[in-house]
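Enquirer: This is the structure I want to talk about, given as structure tokens.
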Amino acid sequence: MESQQLSQHPHISHGSACASVTSKEVHTNQDPLDVSASKTEECEKASTKANSQQTTTPASSAVPENPHHASPQPASVPPPQNGPYPQQCMMTQNQANPSGWSFYGHPSMIPYTPYQMSPMYFPPGPQSQFPQYPSSVGTPLSTPSPESGNTFTDSSSADSDMTSTKKYVRPPPMLTSPNDFPNWVKTYIKFLQNSNLGGIIPTVNGKPVRQITDDELTFLYNTFQIFAPSQFLPTWVKDILSVDYTDIMKILSKSIEKMQSDTQEANDIVTLANLQYNGSTPADAFETKVTNIIDRLNNNGIHINNKVACQLIMRGLSGEYKFLRYTRHRHLNMTVAELFLDIHAIYEEQQGSRNSKPNYRRNLSDEKNDSRSYTNTTKPKVIARNPQKTNNSKSKTARAHNVSTSNNSPSTDNDSISKSTTEPIQLNNKHDLHLGQELTESTVNHTNHSDDELPGHLLLDSGASRTLIRSAHHIHSASSNPDINVVDAQKRNIPINAIGDLQFHFQDNTKTSIKVLHTPNIAYDLLSLNELAAVDITACFTKNVLERSDGTVLAPIVKYGDFYWVSKKYLLPSNISVPTINNVHTSESTRKYPYPFIHRMLAHANAQTIRYSLKNNTITYFNESDVDWSSAIDYQCPDCLIGKSTKHRHIKGSRLKYQNSYEPFQYLHTDIFGPVHNLPNSAPSYFISFTDETTKFRWVYPLHDRREDSILDVFTTILAFIKNQFQASVLVIQMDRGSEYTNRTLHKFLEKNGITPCYTTTADSRAHGVAERLNRTLLDDCRTQLQCSGLPNHLWFSAIEFSTIVRNSLASPKSKKSARQHAGLAGLDISTLLPFGQPVIVNDHNPNSKIHPRGIPGYALHPSRNSYGYIIYLPSLKKTVDTTNYVILQGKESRLDQFNYDALTFDEDLNRLTASYHSFIASNEIQESNDLNIESDHDFQSDIELHPEQPRNVLSKAVSPTDSTPPSTHTEDSKRVSKTNIRAPREVDPNISESNILPSKKRSSTPQISNIESTGSGGMHKLNVPLLAPMSQSNTHESSHASKSKDFRHSDSYSENETNHTNVPISSTGGTNNKTVPQISDQETEKRIIHRSPSIDASPPENNSSHNIVPIKTPTTVSEQNTEESIIADLPLPDLPPESPTEFPDPFKELPPINSRQTNSSLGGIGDSNAYTTINSKKRSLEDNETEIKVSRDTWNTKNMRSLEPPRSKKRIHLIAAVKAVKSIKPIRTTLRYDEAITYNKDIKEKEKYIEAYHKEVNQLLKMKTWDTDEYYDRKEIDPKRVINSMFIFNKKRDGTHKARFVARGDIQHPDTYDSGMQSNTVHHYALMTSLSLALDNNYYITQLDISSAYLYADIKEELYIRPPPHLGMNDKLIRLKKSLYGLKQSGANWYETIKSYLIQQCGMEEVRGWSCVFKNSQVTICLFVDDMVLFSKNLNSNKRIIEKLKMQYDTKIINLGESDEEIQYDILGLEIKYQRGKYMKLGMENSLTEKIPKLNVPLNPKGRKLSAPGQPGLYIDQDELEIDEDEYKEKVHEMQKLIGLASYVGYKFRFDLLYYINTLAQHILFPSRQVLDMTYELIQFMWDTRDKQLIWHKNKPTKPDNKLVAISDASYGNQPYYKSQIGNIFLLNGKVIGGKSTKASLTCTSTTEAEIHAVSEAIPLLNNLSHLVQELNKKPIIKGLLTDSRSTISIIKSTNEEKFRNRFFGTKAMRLRDEVSGNNLYVYYIETKKNIADVMTKPLPIKTFKLLTNKWIH
């Protein structure tokens, strides 16, 4: 390819400014990927070899014969010497000419690449005749140059370089960052000097020594372009080039000027680093000198922090000032000003008395609180004061020196230890000092002896873990450079020179030795009491002696000052000389790691974090001083700019201009909060808030939904309010970009009223801070108020309203006024305010009886908007009323006592506070107030209607069964009511809502859900009122709902034999919610029953039998009875609690029905299948009932409930009809292309792994002879339809391996190139589950295999061609395929036929009829899934024999042989299986879900409350038309595809309990409304919360040697849109769930019986097929059973009368069902609905029911 490239540029000379020294010829078809680690290694070896040679060779000897290839150098010519740099490109010096120029001297050839020919490296106009430098030449800028000398020289030095001797010239490094340009220019100037171009370099006056020629200018331009890419140039350089792209001389001139300007900075740094002060000059002059230097450096951008400045100053102090050197050990945060205070104090004492020793102290408190310092010892400190704690208490000395040591820590660089510590640091320029980093301990000048040291003694240290001494004369058996790290109290390293033994010879002539470390960098010789204790020596500070544990005195302890010392006379001297120990390497490398390198090495952390980590030794191996921090401040990492992109920062106080530009109420902020779930429908789910920018006045309005008309009503209201009340006109309203604000309706309204909408920018919620903060504040207040008062959650908006009133009246700390005052309103009269939730007694002006009490307990909420009254909540009436007729309830029974607030709130104070308000009402009260109205006009919170599914416990302890008191009155006197029944009036059940309709007891952090069935976001509640509902044609109405009536005691069921009530399920028509209908008279009911259609006579009464299981036939033999019991015995059916009779008191009958529309559901198209009503007469037929919507509206009109909104008619539309302008949805791509994985992959490690996988795949393709390598075809000669595009795809597997696959583009394959009749088969999941189940029951061994590159073993019949892989470099050629390449349409079928033939002919297997990819013989069963095989056998040797045969033909890998008797873990087709033979098998996907779900970008809540069920029952999905643009629609559909795709994969693998929810949501993939997405998120959240759940199987222990195959069936009638029914089936083998199915019925059923028949008919075919599979795999007899909870279906199957079906449209299906049951020897039995586990397949269930039906088989 190189030759082709060069031939296209004949005008380019083959000479080059770079000479190649590689010794291998570059071939045109070489794989570019091979230029990797191995090639670099060869170059480095060549470079190393070059460095060892000392001779050079003329350039002419390197000229190759072939101008297109780099020839190897002659063996006699040694490669050039040029230091440690790679030798890919060198430059030679040929007298006075630039090296490598073809017409100046001999050219030096280099291999060319297309990158060199890029036009970007040539100036416009005529092309330069000089060759360009390749991008790979040069060395990284971070590589230190070995050349010494000045960065630039004058002409004389340049001329001196012009010698006749040729030498090789190293090119400059590549510029990699704009911050590195100053350093790069120096190396570039050096390069020009070495290239005999020193005369053209501008001097200090800006002019060159000689005039530059055109050829030299071209050379200058080309080399500058090569080694200084435009993207890395500083801005000022780009500005020069933008004017004249060839003006390199101006760039060099300005660079030299900048170097000169840095001289003053360098001088200041050198001066600061070499300060000396001993008091000979005034302290003021010294301070002025230092501060001036620091100020100049700071002004020039070189920041000198206090810590560095203090260290530099203290290092130069001497004489009486030297003790201040160690002040930094006491004061870590000392400033320069504080240090000079100490210097001034000593200087003044010096001047006052020259002969007195200074005893200056900064502060006495410092002496008490800080570690021991190195000051003089006027008042020395005590090291160990407590004799009892000498061994474990850390002394101050320890904190000042060595807090901890570690033998595993990397040793510090000891090169600097042997240097003189008193020698000042000499700096040549400012780059020698890296400012901002802390000086290490080794650079601090330590004196040999401190002033407070006792000479000839060792200081006893109770806190030091090691003994340290400064002299080496007492160290025995010393070894240099120990791998020990010792740090002082400030976590600084103390360099250690050697380690050895310290030997003692005590008074009792005993000798003892301990380990000792040698370092000259400490102030005292420290003797560790911890190490002495290790050799049985302790210090007794009461006797002042060292002694053994037996009391033997070894040596005296001397107290000098506050320290304790031991004489060195007890130490034995050694024969080791000091130079031996101190012989440490002194050649410290000056190379520093560049900050960009460290930045990338440490995961792109910021400089401050990296420096802090190095300073605190959290990162080891190198220190802070080893890094070049000069570019850290200005360095911009492009990866960080992209990966860490953030929103713009909002300027504090930026809204002041709005406050100055607008008058009050002209600029509003608004936002919507919601929805709040699990509330009654009368309670608002949202609220919208408004805030005035100038006055900060707030308004809040409740919302039940976010429809356009609802929002528009609120905007109309507030604009009229502001206009009329404040005589102002709103000019601007700021809001976010929610659809409720951006719709056309509101936009036209604002435009009509002349209001400017101000929207926030995309994803910039902070710009909407005013409204967002208000909502957050109000919600905080709401939660607090509800928690304090104990009121139920459905009163949440009342708490918001109360908070808004109060906060409008509170003064702002900033403006000193309240919002009401800014608005010109009077302050809030607190006497009119009651605490939120204050218990009160409200007068009932219209009781049901004159003898009933007139007082009703209630709870004060907030002042009324519409009157002078107060909004009060009456739990007994489930109302809020607006009234002034109330009395504050006094006594200890107030709701505050449950929070122990009695000490904070007092009734006396409350009465005194509200006295004036109540006296005003009393004095102006003329007649009894009649404002207590049950149908209150309060527009937002009256008639608190409970959720229709909420449970009602009318038999609470407060109500007796015989109590007939109406619900609105009380039977006890007011005193008892106020004292005992304030929280729970007898007529109301305290458990009536999720959070309790009355104030609860003190709420715990974990919500109690013992009697409340709800999901994490709500759940399903039971009915609280008697309801009527239409029924089906069948008088028996056998459905999946039939036995699921709920006891009002929260029992699962009740017996109808003990009551006069009949259970009637509320059907869900057309997918709408369940509408209740009013009670009707018995007479009317009987009238409607007369016109009822006749039912099937064969249907027996459903509730006459008390048996749970009813067979299709009456057992006539013991065998049949045993069969029934055997089928039921092993099934994982729930254990039900014992039933109890339920009685219904009279008050329950008198409660009126309440109807309202439903809120959004968690799963759509679902009616309340678990809600039941009671009537006193017979059932009614479905045909005679009006539609639910009509009845509900009539009920609403009849009851005249003005405060309730009637149910809205939902417009049902077809899902596809709602999709507008949908073209195609792109499939989800999880793989990477070649350019993503390799070419542009910035992750080097991952790139290398993909490259390795690439070569592995290519080698495998060649090994398998995938294509014909003997002949290449021209593309023009081949029919285009036979040419298949190919590509490499890359992906990372679950086990962490990186995979590359060369595939064909089968998606665009022409139909003529394959046989469409061929099929690619894989094992059915039911077959795999059946095989696994049989393996568990029969103690089989399970072996898992994998066949590498399986498709490539199959030959291809068709004539097909593909393009060669990229590494061959033949884009215009084609190769003919010989094997079935992955991706071809026919590859799967070809492989299936190949492996099938081999297994049958060579392995003696046969394929099970009807179950593809399941093979068996007498000993082994094989399940095949493409290239994965699972073998089952009783004898492991049988599996091994099959494996040996497979290995003879295929590359077979054993993934898991399965020979262990312990638990074995498999990963089979995505299932994570734990199997212990003969005991159990667990199937799950925890690891897979843990990895995949977080990648879906679903807002998970890992720390919050876990969901207990995947959805809520009883609600529906709104089907209003979507108003959404096409791009957003496609994005949401794509998101739904990902979420539902993963959920389906998991559900059909083993989470059969989720199939209903998955199937329902899958029907709405093309209808991605906000509600549907929320439901999907809820499902994914439940999967995340239960990702550890497993399908549990236990080995079957049968009573008979039979296999039992059972299908459990269920159906939900008409609960899907368009009256479609949901059907579900679960299949079990020997009591183990092996599969499940949930789907919407294809036909519209007209009754529950027909729906059940449809479900059973769907189950029987698969049941028969599974029966055949089980019999083929295991020769035992098989019993087939089918269970259903529909007695009507069983009766139809049982009946032999055909006449009754002739006029039935489901008669044909029923007759066929009879034939299938009788012809397949199928047993059909009745199962009670409460035990029907298939119920989870047809409808959403309450938590309790859901858990009850699933916890036996999945947990």
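In case you wondered, yes, glycine gets a Cβ from its N, Cα and C as well.
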Enquirer: According to Swiss-Prot, Asp1610, Asp1685 bind Mg(2+) 3; which one of Glu1578, Glu1652, Glu1716 is listed for that same site?
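Expert: According to Swiss-Prot, the candidate sharing the Mg(2+) 3 site with Asp1610, Asp1685 is Glu1652.
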Enquirer: Determine which of Asp1346, Asp1355, Asp1372, Asp1467 appears in Swiss-Prot for the same Mg(2+) 2 site as Asp1427, Asp1428.
Expert: Asp1346
Enquirer: Out of 177-234, 583-640, 757-814, which range is noted as region 'Integrase-type zinc finger-like' by Swiss-Prot?
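Expert: The range carrying the region 'Integrase-type zinc finger-like' annotation in Swiss-Prot is 583-640.
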Enquirer: Just to confirm: which same-chain residues, 6+ apart in sequence, have a Cβ under 8 Å from the Cβ of Asp1427 (Mg(2+) 2 binding site)?
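Expert: In sequence order, Asp1346, Ile1347, Ser1348, Ser1349, Ala1350, Tyr1351 meet the Cβ cut-off.
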Enquirer: Measuring Cα to Cα, how many angstrom lie between Asp1428 (Mg(2+) 2 binding site) and Asp671 (Mg(2+) 1 binding site)?
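Expert: Cα to Cα, Asp1428 (Mg(2+) 2 binding site) and Asp671 (Mg(2+) 1 binding site) are separated by 56 Å.
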Enquirer: State the mean pLDDT for the domain 'Integrase catalytic' (660-835).
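Expert: Taking every residue of the domain 'Integrase catalytic' (660-835) together, the mean pLDDT is 86.
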Enquirer: May I ask you to report the DSSP-based helix, strand or coil state of Asp1346 (Mg(2+) 2 binding site)?
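Expert: SS state of Asp1346 (Mg(2+) 2 binding site) = strand.
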Enquirer: Using DSSP and three states only, what is Asp1428 (Mg(2+) 2 binding site)?
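Expert: Strand, per DSSP.
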Enquirer: When you average the Cβ positions of Asp1346, Asp1427, Asp1428 for the Mg(2+) 2 site, which other residues in that chain have a Cβ within 8 Å of that mean position?
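Expert: Not counting the recorded site residues, we get Leu1345, Ile1347, Ala1350, Phe1425, Val1426, Met1429, Lys1453, Ile1455.
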Enquirer: Ranking the binding-site residues Asp736, Asp1346 by other Cβ atoms within 10 Å, which is at the bottom?
Expert: Asp1346
Enquirer: May I ask for the distance between Asp671 (Mg(2+) 1 binding site) and Asp461 (active site, for protease activity), taken between their Cα atoms and rounded to an integer number of Å?
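Expert: Given the Cα positions, Asp671 (Mg(2+) 1 binding site) is 66 Å from Asp461 (active site, for protease activity).
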Enquirer: What is the number of other Cβ atoms found within 10 Å of the Cβ of Asp461 (active site, for protease activity)?
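Expert: Asp461 (active site, for protease activity) is surrounded by 31 other Cβ atoms within 10 Å.
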Enquirer: Have a look at the binding-site residues (Asp671, Asp1428) and report the one with the fewest Cβ neighbours inside 10 Å.
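Expert: If we count Cβ atoms within 10 Å for the binding-site residues Asp671, Asp1428, the smallest count is at Asp1428.
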Enquirer: How many Å lie between the Cα of Asp736 (Mg(2+) 1 binding site) and the Cα of Asp461 (active site, for protease activity)?
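Expert: Here the two Cα atoms lie 67 Å apart.
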